[in-house]
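One structure is given below, encoded as structure tokens.
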Amino acid sequence: MKRSAPVQFAKKDVANCRWLGEFLVHLESTRNVSAKTVTAYTTDLIQFFEFLTDESGHQEMSAVDPELVEVADVRRFMGDLLDSGIKPRSIARKLASVKSFYRFLLDTGKIERSPLSLVLTPRLERKIPDFLSEEEASRLFDQLVLSDQESVGPEQGQKAAVQRFELARDRAVLELLYGCGLRLSEVTGLENADVDLVHGFLKVTGKGRKQRIVPFGEPAAEALRNYFEVRRNFFRILKEGAGETSKVFVTAKGRQIYPMLVQRMTKRYLSPVTESARKNPHMLRHTFATHMLNGGADLKSVSEMLGHSNLTTTELYTHVTFNRLRDAYTKAHPRA
């Protein structure tokens, strides 16, 4: 019986899998990973040991000893996932979870060898990310500025006030997604104390709760100043809401904005300026990286601003730079 679909897990599943509970505590306390990441690791590992339980004919996961797992077991698991139509990228992620678990067992002296040492991660095709051209980015923010200015009219009442507030907020959110290359979780989690308008930088808390400093330009600074003023006036009139959270970006009810709101917002504003199928917040992060490298920024600096742990991830964006150089060569060289 195949177990390729992700399983729903409970505390008893974790308890039944030897050493899994200790590994999850290690992730949370030592590596500072998010709850979402811990859930992903747990799901992947329980799926792995559920598969081994079925393969071995046992009734309970507790009967499967991680120390006795062989290379062939891991390869059969990967083959089962592939046969079930799981994409190579998802298989690679699941394999990475299993590798992390066994690395923990080795590091803590629970086992002397890992069956993962001879298992290679599937080779993945690195897709070029969607991004806006510089002209499309200009149209996006020209549209936002115009909408923001038009919202300051004679209309009165709560509906008009909410519209002015949301336009100012949306413009500031999109300026930071593009101007600083922030991740969705980073912009929704941004604290008031993280914004330094005087010196023009943000203190960003990224993956693994790692913090970094990211500069921003005058357009983003102007959008933030405008938003802070509109937000202050809006909640002063309402006399409620804004004091409930320390977050920069809030809803009209004063609560922290949530990912789906930003995703809908991004799609709405990107739709008039690009035909790309992926109109999401990450597209603006891709655009930030692409435009920075095209403008001559060095790879290491862009990598630091994006919060990448290694340069390899950032190198994905250099394709545009190479294309630009190829175009220049083709147009200029007599033997191109």
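Placement of Cβ uses the backbone N, Cα and C atoms for every residue, glycine included.
Going by Swiss-Prot, these are the annotated features:
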DOMAIN    14-106  domain 'Core-binding (CB)'
DOMAIN    127-330  domain 'Tyr recombinase'
ACT_SITE  Arg183  active site
ACT_SITE  Lys207  active site
ACT_SITE  His282  active site
ACT_SITE  Arg285  active site
ACT_SITE  His308  active site
ACT_SITE  Tyr317  active site, O-(3'-phospho-DNA)-tyrosine intermediate
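Everything Swiss-Prot records as a feature, shown here on the structure.
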residue	record	CB count, 10 Å
Arg183	active site	17
Lys207	active site	15
His282	active site	17
Arg285	active site	22
His308	active site	19
Tyr317	active site, O-(3'-phospho-DNA)-tyrosine intermediate	24
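Rounded to a whole number, the distance between the Cα atoms of His282 (active site) and Arg183 (active site) is 7 Å.
Residue counts for the domain 'Core-binding (CB)' (14-106) by DSSP state, with H, G and I taken as helix and E and B as strand, are 73 helix, 0 strand, 20 coil. Of the recorded residues, His282 (active site) and Tyr317 (active site, O-(3'-phospho-DNA)-tyrosine intermediate) place their C-alpha atoms 13 Å from one another.
Spatially, by CA atoms, the active-site residues Arg285, His308, Tyr317 include one closest to Lys207 (active site), and that is His308. Cα separation, Arg285 (active site) to Tyr317 (active site, O-(3'-phospho-DNA)-tyrosine intermediate), rounded: 11 Å. You'll find the Cα of His308 (active site) roughly 12 Å from the Cα of Tyr317 (active site, O-(3'-phospho-DNA)-tyrosine intermediate).
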